[in-house]
Amino acid sequence: MSLLEKINEPAAIKKFTLAELDILAREIRQELVQTVARTGGHLAPNLGVVELTLALHSVFDLPRDKIIWDVGHQCYVHKILTGRRQEMTSLRQFGGLSGFPKRAESPYDAFDTGHSSTSISAALGMALARDLKGEDYQVVAVIGDGALTGGMAFEAMNHAGHLQANLIVVLNDNEMSIAPPVGGLAAYLSRLRTDPMYSRGKEELENLLNRLPHLGPRVLKVIDRLKDSFKYLVVPGMFFEEIGFTYLGPIEGHNIARLKEVLQHARNTRGPVLVHVITTKGKGYQPAEDHPDRFHGIGPFDPATGEPLAGGGPPTYTSVFGAELVRQGEKNNRLVAITAAMPDGTGLTPFARRFPKRFFDVGIAEQHALTLAAGLAAAGMHPVVAIYSTFLQRAIDQVIHDIALMELPVVLAIDRAGLVGEDGETHQGLFDVSLLRCVPGLVLMAPKDEQELRHMLVTALQYQGPAALRYPRGAGMGVPLTGTAQPLPIGKGEVLRRGRDVTILALGPLAYAALEAAGDLAARGIEATVINPRFIKPLDEDLILTWADRTGHLVTVEEHVLAGGFGSAVLELLARNGRKGIRVRCLGVKDEFVHQGKPAILREHLGLTPAGIRAAVQALLAETPVLHRRRNQTKGISGG
C-alpha cells in the first residue's frame, strides 16, 4: 500500500516521518501528472507546491486553522490530502471537482478564490473576525510572487501591518520575481532570523547591555544602526519589515523539514508574518520544469512526452486577433498594446516581439492597465487593452471614469467572453455586456466568427472613442480568413436568413447555432429569420424593429447573463417604441453562476444549442395561435 492510500484526512500526515513525507511528495507528483494528463488543468503550479502543502498540513490543524490559496489553481495537492483524492478524476469536469478552492465542496476550503491577489484581504478579515469573537485559530494566506504584483495584495498587507493582526502570509516565489538573497551571509542571517533562539538571544543581549552604566545604551544604538544598514544590504525582505511584517526567509521550498520548522516559528510569532518560500514551478516533471508557462494551464496531454493530445482545427479567436493587431501595428505607429500579465493568453506575444517598445505588460494590475491606456490615448497614442472578460470586472471604474468620460479612443479586446469551460464560475465571461452597455459613448461589438473579428478590430481602431469587442475562448468557426480587414458601419447588423414566423437575434458565434436551428425549424414548417446583431451598443434599431413587426416574435440568444444583457437591450428597445404586441423569449444565463464543464456541455445545459434554440422558438410560437399570427403579419419579408 502506498503512503498516499493511507491518508483519509490531513491529520494522518502529522504522524509521518520526514523520510515518509519525502516519499509521499514523490507519490503525489506522480498522481498529479497522471490526473492532469487526463483532465487538463494547472499542472506546473501544483507540482511546485507539493512540499509546501505537506508542510502546511503538518503544522496547522485544518479545518480549524484556515488556509486561503490565492488564485487557487495550486490547490490540487490540498484537495488530495483533504479526502477528495478519489474524485480527482472528475477535476474541472461538469458536475465534478472544481479546479479551485470551493467552500461548498469541502470544509477544508476556507475561502473561494479564482482571481488574483485577494487572499491577504480575506485572511485579514478572518483574523479580525476571530479576534472579535474571542476564538483561537491560525489564518494563513498562500500567495505567489506574480499575484503579489496586484495592488490589492499590498493594500491588505499595509492594513495588516498597521493593525499588527495575527496572520501568516506564505509567499510562494516560483519565478524569482523578488530579488534573491545575496550569498552565504544572507542565508546565515536568514537562518538566525527564523530560529526561535534569535529572538530570545537578542532580548538577553539588550538586557545585559542596559545593565552596563553609560556604555550599554550607546552600544545598543550603534548595534541598531548597524543592524538596520546591514539588513538593507543583505536581507531581501526589508520592505515587508517596514510595513509591519516579521519576515522569515527566503526558505528552500522543497525541503519539508525546513518548511515545517519555519512555519512552526511563524505560528508562534505574534503579529503579521511573511514566510518567503522559493519553489520551482513544475518541480519533479521534466517537461513542466523545462516549460513551466506551457504547463501552467494545459489541456489533456501524453504524460510520457508532455505533448498535447489535441491538435489541429481552425485558428483560435485569440490568435486571429493577435495576428490582425500586428498587421494594424505595421500601418499605425501610434498603436500600442497592453496586457495585465497575460501576453500569451491574450494573443499579444507576436505584437510584443514585433513592437517591443509599443507593448506594455503591467502585471496583475487591471485598474492600472486601463488608466495607463487612458493616459496614452490622452497623449495621442491609440491603445488596445487585451483582457479576459472576467478580469475586466476589476477595472470598470477606470473604463467609466478614466476613459469614457473623456471619450478617449481606447480599444478593449475582451477575450474569453462567454463560457470559458473548465475553469468554472470564477472565470466565465458572463458579465461584460451588462457592465459596459450602460457606459455612454462606448461601442460594443460581438463577432459571429474569426473573419468578422478582424473587421471589428479595424472598426474599433477607426472609432474616435472607446470601443470594445467581445469574443470567445477557443477555435474559431473555420471560415476563410481572406482579404484586408475592413471597418463595419457602426450600429448595423446583418440578416443571415429570412423567414416569416419568427426572428432569431443570436449574438456572436451563436449565430451559427441559430442558422442550424432555423434549418431544423424549416423542416417542421416554421420559417425563421436569423439576424447577426454585430453591435450590442448601439443596436441596429431599424433592423430589429422592422423584423419584430414582420414576424411578431423574437428570440434573443447570448452567452451572457440575461440581466442587463443583449436580450435586455432588445426588450428596452421594444418598450421604448411601443411594441407591446411583440412576443419575446430571451435565451442566456439566468440568475445563477455557471460551474465548470466543457463549453459544449454547458451550452447544452443552458439551452444554447441548435436544439435548445429550436425548442424555444417552438414554445414561443405555441403560445400564439397560428391564425392570429398570420393575421398580424401584414408586411412582406423582402428587404431589411
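Placement of Cβ uses the backbone N, Cα and C atoms for every residue, glycine included.
Of the residues His57, His73, His78, Swiss-Prot places His73 in the same thiamine diphosphate site as Gly114, His115, Ser116, Gly146, Ala147, Asn174, Tyr285, Glu366.
Each residue contributes its Cα atom, and for His73 (thiamine diphosphate binding site) and Asp145 (Mg(2+) binding site) those atoms are 14 Å apart. For the binding-site residues His73, His115, the largest tally of other C-beta atoms within 10 A is found at His73.
Residues His73, Gly114, His115, Ser116, Gly146, Ala147, Asn174, Tyr285, Glu366 are the ones the record ties to thiamine diphosphate, and the longest Cα gap between any two of them is 32 Å.
The binding-site residues examined here are Asp145, Glu366; by Cβ neighbour count within 10 Å, the least packed of them is Asp145.
Under the DSSP three-state reduction, Gly146 (thiamine diphosphate binding site) is assigned to coil, being neither helix nor strand. The distance from the Cα of Asp145 (Mg(2+) binding site) to the Cα of Asn174 (thiamine diphosphate binding site) comes to 7 Å.
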